[in-house]
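Student: Take a look at what TrEMBL says about it:
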- C:6-31: transmembrane segment (TRANSMEM)
- C:43-60: transmembrane segment (TRANSMEM)
- C:66-89: transmembrane segment (TRANSMEM)
- C:101-120: transmembrane segment (TRANSMEM)
- C:228-251: transmembrane segment (TRANSMEM)
- C:320-340: transmembrane segment (TRANSMEM)
- C:379-396: transmembrane segment (TRANSMEM)
- C:402-421: transmembrane segment (TRANSMEM)
- C:428-448: transmembrane segment (TRANSMEM)
- C:472-499: transmembrane segment (TRANSMEM)
- C:561-585: transmembrane segment (TRANSMEM)
- C:597-622: transmembrane segment (TRANSMEM)
């Protein structure tokens with residue numbers, strides 16, 4: 001069994017006075033693609049943001065590659081080799097494709113896939129055709145690819161991928177699935193949040209199911225497929 | 001005659017056509033679903049119907065009255081209610097006050113400066129809240145409600161001035177399946193009881209196929225299909241652009 | 001007017017454009033990345049002039065020495081800026097917009113007293129630039145050589161900034177951060193140092209702008225507020241965060257002013273239009289026009305919604321009986337104050353001042369709390385009410401009672417006009433437009449000698465005989481204040497009060513239920529203007545007159561401080577805030593020459609320690625205590 005790259009224990013998160021996450025615990029091992037599942041508002045994005053250090057009020061332990069990061073700022077966590085792709089894309093619309101990549105670029109990291117703009121353009125030929133186009137003049141799908149590429153430029157060990165299939169047409173969803181499988185082959189570890197069971201089935205090894213900020217299930221995709229209760233109660237199936 | 005007649009509307013943003021020659025009609029007492037992938041022009045279409053955007057050309061008529069060029073609040077006055085994708089209520093007002101606001105607006109009493117607002121329309125507001133099952137939370141602030149409850153308050157607000165047409169942008173996003181069904185059944189009941197017409201967008205196919213009387217499908221700004229659940233399911237064009245070819249994405 | 005005269009004026013315009021641009025570009029840069037409208041930017045400019053005065057006096061005898069001194073001065077200012085950013089501003093980046101403005105305004109106060117402490121109150125004339133003391137001849141007129149250098153520096157700095165922002169990694173990061181700071185930090189960029197570097201660069205530009213003025217103008221303590229007003233205008237007209245926009249705007253404003261001077265006095269239809277007097281108003285008129293035509297400025301983009309989390313505000317509830325009783329007791333105590341005149345001879349006078357401040361703060365709170373519109377120019381209505389009343393009494397010889405009623409109508413008129421424009425904007429833009437209108441009122445008052453008495457103001461405006469005693473005036477002010485507060489409160493609970501809060505919470509929803517949001521906000525503006533005007537009118541009679549200083553930007557800021565000090569989320573907040581502020585102001589000013597610095601420190605402490613304001617903090621504390629006691633009791637019950 002591979003080493004654990006990310007471990008979360010007893011994670012609680014708050015927005016103002018509202019308590020959003022309750023003692024969330026999860027583990028991701030090197031090379032895995034793990035799904036964080038649940039409905040809108042279940043706490044998937046909050047979990048990701050908490051891991052990435054983007055929330056001001058959290059409690060609990062988070063360790064990444066053996067280092068505690070629960071109190072670290074996002075840029076410190078990013079420098080340790082964790083990448084984050086937000087659900088709402090958030091490309092820098094005034095910056096060109098190359099400039100967007102420049103913002104994300106970090107030095108090479110041992111044991112992580114090394115990315116350059118050229119390599120990314122091979123993975124996403126669309127982007128290679130428009131290196132000088134401002135991010136704001138791109139289609140939704142292209143922006144999504146740019147956001148992923150921008151994060152990969154930091155040569156991360158682990159990428160948090162927030163709802164890659166949210167709100168996009170099934171045809172695009174299939175492209176996203178292919179991309180994730182390609183990244184996995186390169187040796188990247190991925191934690192992705194997802195509502196769509198079919199999508200998760202296609203690309204993930206294991207899943208955690210959240211409901212109202214609690215982890216309600218953890219196991220392999222096969223186990224999840226076999227568990228009708230969890231699927232009916234906590235997923236929109 | 002149809003309640004709503006949309007004739008050849010167009011809208012472009014910076015040269016990109018968001019809506020291209022779209023026409024359709026909505027008769028009274030029908031629950032019409034508007035489907036399509038993100039970016040197909042659903043929201044643009046909605047925003048033109050309630051006046052937030054002005055079409056570049058074409059006409060939108062409600063019972064023969066032209067709506068193009070009118071302000072959202074004038075269109076509301078003509079009898080068009082609306083709910084938003086990200087629910088918009090007045091967070092710092094109580095649930096009851098949210099409803100009172102609509103009723104005060106309906107009767108043009110917003111500029112009254114003296115008598116406390118609490119004394120206006122309390123009963124009527126509570127009846128409306130009761131319809132959506134929110135009467136027991138009337139005194140809570142909207143900002144502290146659960147997400148599904150906010151959606152129900154929003155629905156009550158949209159229905160408060162007894163509209164002829166209700167526009168609902170993803171009314172059930174983020175709700176649990178049980179809640180989701182309750183909400184759509186409630187809307188369906190209004191459609192039947194009040195002869196209300198509803199146009200709604202929805203990502204959840206089970207909701208659409210179970211409750212909608214009819215559906216239309218948008219893709220890249222064009223209307224590509226219009227018909228019953230069976231027509232849509234079997235439409236090859238729709239399958240291609242929306243449901244995808246992968247077997248794993250077979251619609252409900 | 002001759003052609004050569006016009007040409008020289010246009011060249012002067014270019015000189016002014018350069019110096020305007022230097023200050024404004026720094027302000028725009030800082031706003032673009034940190035989203036902070038840095039009120040203290042003018043103070044850094046002022047310090048640039050002072051520091052350059054010192055350096056050039058010591059080492060500026062050679063050409064090289066002069067320019068080294070200029071650069072060194074700018075670097076000193078940049079360093080000070082970096083220090084302030086690290087120590088203070090880092091703590092307010094997450095605070096609501098208004099608190100940031102307040103924090104930077106407290107810096108204005110502190111830095112001004114710092115300059116007073118180091119350089120003293122006298123104007124300081126510095127040495128001129130060696131090698132550039134002569135002038136050249138243009139169409140028979142002399143034009144200073146140094147000014148030619150100034151003309152070149154503006155575009156040169158624009159070019160350097162452009163290269164820096166577009167051709168360096170630092171520049172790319174800055175542009176990315178301007179758009180989405182959070183994303184930049186998740187990509188491994190340490191925002192803190194990015195912000196510090198931007199702030200330091202912005203301050204460097206302000207310092208440079210100031211230092212370059214050293215040979216042209218005397219260093220003095222009024223330069224900070226003078227320059228910040230114009231710099232705001234340039235940034236807003238150009239579009240917030242846009243450097244080329246700032247350049248265009250600086251050019252436009254400087255040249256329009258130059259034209260006004262060149263035109264002199266125009267005679268149209270037999271009426272004299274003193275165009276040269278228009279210069280004070282010109283920039284604000286340009287801003288008002290541009291903002292209405294292009295709300296985001298010449299080259300700006302729409303801004304994200306302001307971070308005023310009003311929608312999480314608790315609903316307004318009727319007062320608890322205990323609160324009503326407390327209020328009644330307080331009013332009774334206030335009624336009894338004149339009885340103890342001999343023990344506290346000063347009490348009535350300070351209380352009258354407090355009552356006026358309370359009414360002023362409550363009227364401002366009405367528009368900025370429930371109304372959600374952050375007015376930075378509420379002094380305009382105070383001023384219009386005050387001057388309205390004063391002119392009616394002194395010039396028209398009307399009795400005080402009538403003037404007290406009619407004076408505020410001028411404020412209503414002002415609010416009708418200014419409000420109509422202002423409600424078309426939101427956030428920082430609205431704040432700046434209200435600021436501009438207040439400056440226009442101030443400029444008109446300051447310049448219209450025949451009617452307003454110009455810089456001297458109007459004096460000898462005393463109350464009618466039956467109200468002339470201290471006690472009578474005390475009761476009059478108390479009753480007007482109480483009536484004002486009760487009426488404002490009543491309106492907030494009425495349908496209209498519901499409507500303005502609704503319009504603030506979600507204009508989208510308000511619009512979709514048939515509410516004419518702009519009209520609602522306009523009326524809110526007018527109501528606030530009326531009560532602000534009433535406060536101004538009583539002020540005139542309590543002081544026996546009015547002068548431009550009393551209605552300047554300071555008054556607007558005092559009002560904001562009062563409201564925020566008390567807490568913007570509660571109706572009682574502005575009352576407490578105004579009382580404490582006025583009392584502090586009065587007692588601190590009597591103790592020290594550096595009262596501004598002390599006041600600045602107090603404001604800073606409050607912003608850093610009590611961001612919810614005094615009443616807000618107390619009410620949070622109360623909820624916390626209640627919650628914990630409740631929890632305790634529940635636990636005890638459970639254990640039984």
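Glycine residues also receive a Cβ, built from the backbone N, Cα and C atoms like all the rest.
Automatic prediction, not curation, is the source of TrEMBL annotations.
What does the local environment look like for each feature on the list?
Tutor: Counting only same-chain residues 6+ beyond the ends of the transmembrane segment (C:43-60), those with a CB under 8 A from a CB of the stretch are 23, 26, 66, 68-70, 72-74, 76-77, 80-81, 107-108, 111-112, 115, 118-119, 124, 126-127, 129-130, 203, 206-215, 217, 219, 221, 223-224, 227-228, 231.
Residues 34, 36, 40, 44, 47-48, 51-52, 55-56, 58-60, 100, 103-104, 107, 129-131, 195-196, 199-208, 210-212, 214, 604, 608 of the same chain lie 6 or more positions beyond the ends of the transmembrane segment (C:66-89) yet place their CB under 8 Å from a CB of it.
Long-range Cβ contacts of the transmembrane segment (C:320-340) within its own chain (Cβ-Cβ under 8 Å, at least 6 residues beyond either end) map to 347-348, 351, 471, 474-475, 478, 482.
Residues 360, 363, 402-404, 406-411, 413-415, 418, 434, 437-438, 440-442, 445, 451-452, 458, 460-461, 528-530, 532-537, 539-541, 545-546, 550-556, 559 of the same chain sit 6 or more residues outside the transmembrane segment (C:379-396) yet have a Cβ under 8 Å from a Cβ within it.
Note on the transmembrane segment (C:472-499): residues 316, 318, 331, 334-335, 337-338, 348, 351-352, 355-356, 358-359, 362-363, 366, 370, 463, 466, 510, 515, 520, 523, 527, 531, 534-535, 538, 541-542, 571, 575 of its chain, located 6 or more positions outside it, place their CB under 8 angstroms from a CB of the stretch.
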Student: If we skip the immediate neighbours and take only residues 6+ beyond the ends of the transmembrane segment (C:428-448), which ones have a Cβ under 8 Å from one of its Cβ atoms?
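Tutor: Residues 37, 97, 101, 229, 232-233, 236, 240, 277, 280-281, 284-285, 287-288, 291, 295-296, 303, 306, 373-380, 383-384, 387, 414, 418, 421-422, 454-455, 548, 551-553, 556.
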Student: If we skip the immediate neighbours and take only residues 6+ beyond the ends of the transmembrane segment (C:402-421), which ones have a Cβ under 8 Å from one of its Cβ atoms?
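Tutor: Cβ under 8 Å, 6 or more out: 288, 291-292, 377, 380-382, 384-390, 392-393, 433-434, 437, 441, 521-522, 525-526, 528-530, 532-534, 536-538, 540-541.
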Student: Checking distant contacts: for the transmembrane segment (C:561-585), what same-chain residues at least six beyond its ends satisfy Cβ-Cβ under 8 A?
Tutor: 98-99, 102, 105, 310, 313-314, 316, 350, 353-354, 357-358, 360-362, 364-365, 368-369, 485, 489, 492, 595, 599, 602-603, 606-607, 612-617, 619
